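Novice: What TrEMBL records for 1-55 is region 'Disordered'. TrEMBL lists 1-11, 27-38 with the feature compositional bias 'Polar residues'. Look at TrEMBL and you will find 17-26 tagged as compositional bias 'Basic residues'. Taken from TrEMBL, the feature Fe cation binding site covers HIS250, HIS299, HIS364, HIS512.
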Amino acid sequence: MRLSSYFSYSSRDGRIAHRRPPKNHHQNPTQETYSTTLLPLHNPPQLTRKPAEPPSLPATIFNAFDYLINTFIDPPLKPSLDPRYVLSDNFAPVDELLPTECQVVEGSLPPSLDGAYIRNGPNPQFLPRGPYHLFDGDGMLHAIRISRGKATLCSRYVKTYKYKVESEKGFPVIPNVFSGFNGLSASAAQFNPINGIGLANTSLALIGGRLYALGESDLPYSVKVDPNGEIHTLGRHDFDGQLMMSMTAHPKTDAQTGETFAFRYGPVPPFLTLFRINANGEKQPDVPIFSMTSPSFLHDFAITKKYAIFNEIQIGMNPLELMAGGSPVAANPGKVPRIGVIPRYAKDESEMRWFEVPGFNIIHAINAWDEDEGNSIVMVAPNILSVEHTLERMDLVHASMEKVKIDLRTGTVSRHPLSTRNLDFGVINPAFVGKKHNGSPVVRGGCFGGEPFFVAREPNNPNAEEDDGYVVTYVHNENTGESRFLVMDARSPSLEIIAAVRLPRRVPYGFHGLFVRDTDLNRL
């Protein structure tokens with residue numbers, strides 16, 4: 001049996017609502033980030049942050065008043081927005097870590113893993129004063145650099161414009177979006193939104209020979225990992241002025257053509273815009289799609305060799321509520337989900353077709369491909385069965401893996417369940433994006449982890465089997481406080497461990513990661 005699809009969900013099926021509160025959570029509003037509890041291996045070098053400039057008198061008064069309101073007068077009522085729960089256990093943030101050598105405690109690291117596995121995720125620079133949603137943390141990259149059987153871990157913030165401004169001030173300046181624009185500082189007037197408001201906290205992508213940290217509320221941030229394992233932020237990237245606004249955190253790259261397909265969505269028409277970037281990293285013209293008649297929450301999409309596929313789900317953007325200080329997204333149970341199909345090289349939206357698929361709500365797409373000589377498309381994705389809980393009660397969210405087939409000649413939509421387990425963050429061999437892949441979902445028990453990644457053993461071998469490679473990921477043992485980097489045999493039904501690397505300190509649960517080979521790292 002091929003084991004080409006690997007699925008997991010970030011720690012305890014996403015249960016964050018009933019964790020124990022961290023100690024000393026009532027802090028001074030200008031206090032630094034959480035300190036890191038180090039594992040008893042050795043003391044990895046930490047970074048000393050330069051002293052922040054003294055806050056102005058208006059900022060001091062405003063921050064103190066904001067702290068008083070959020071802590072004593074109007075504290076968060078929802079567990080999903082209470083930082084004492086959201087940032088507990090291994091969701092708690094860590095400080096930056098200089099490149100630190102790791103210990104291989106089991107097996108050995110194979111030569112085909114020379115490169116870097118990098119995982120992105122939210123890691124708030126400062127303790128939240130009031131309501132805080134998991135999605136609102138500053139982006140931090142955790143990169144394990146592998147070379148000749150040795151490994152080095154480095155953790156660095158993506159140096160976004162928001163991060164730099166707040167680092168200089170010494171306290172939060174820009175309000176959190178998903179928790180309802182709370183925490184507006186008096187210093188926000190000194191923040192220029194033209195320079196970007198994003199967190200770059202969601203994923204990474206290698207596009208046109210550049211490595212990017214992505215978050216869908218802003219432009220990409222170009223980053224690199226050097227031979228010593230150090231992570232550098234090179235800056236915000238607009239593709240020579242061709243990308244004027246944000247882009248998805250889940251672009252899709254066709255391994256055969258080298259092209260990357262992407263989109264952006266927003267609260268004003270056109271609510272959806274498709275575009276592509278050629279193999280040389282040059283952005284092509286936008287294709288606005290006006291047939292999406294309301295602003296939907298579009299986090300991910302899929303491509304085939306012929307089409308781009310979008311899902312209009314029951315979670316929509318709520319601009320009026322956003323301006324009133326509420327959440328930017330909300331569920332609409334009365335809305336019928338639709339799948340939109342458009343040729344991926346379309347010049348305009350004239351060939352866009354929509355198909356109603358009741359009850360089909362997806363946040364992430366695993367893959368899609370063409371069948372029946374291009375007359376049908378198939379998509380595999382986890383369907384959120386409890387969409388009303390997606391942002392409020394993540395512990396109640398259940399995602400069931402489904403395969404959906406659309407006959408483009410008749411418009412018939414058929415659905416087949418693949419797994420009833422609660423599965424998300426699914427990955428495949430990246431070489432099979434947009435074409436049919438084989439296999440069954442596989443989950444490894446034991447420590448809690450997040451999204452895995454598939455690394456081919458022979459990436460340049462066109463005859464290699466789809467599952468001839470390794471599954472890599474970070475895992476965390478909440479009983480011992482230890483984090484490890486695991487390398488598993490993708491062909492093994494039990495995902496046999498090939499190598500285990502004990503990390504010098506814990507790596508918090510995050511979002512999406514990427515493995516970048518030495519050959520690509522050296523070209524950055």
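Counting begins at 1 with the first residue displayed.
Using N, Cα and C of the backbone, Cβ positions are placed for all residues, glycine too.
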Novice: Cβ-Cβ under 8 Å from HIS512 (Fe cation binding site), same chain, 6 or more residues apart: which ones?
Specialist: ARG119, ASN120, THR202, SER203, LEU204, ALA249, HIS250, PHE425, GLU451
Novice: Hey, for the Fe cation site built from HIS250, HIS299, HIS364, HIS512, who else sits with CB inside 8 A of the CB center?
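Specialist: Counting only non-site residues, the set is THR202, SER203, THR248, ALA249, ASP300, ILE363, ALA365, PHE511.
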Novice: If you draw a 10 Å sphere around the Cβ of HIS250 (Fe cation binding site), how many other Cβ atoms fall inside it, taking every protein chain shown into account?
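Specialist: Within a 10 Å radius of the Cβ of HIS250 (Fe cation binding site) lie 21 other Cβ atoms.
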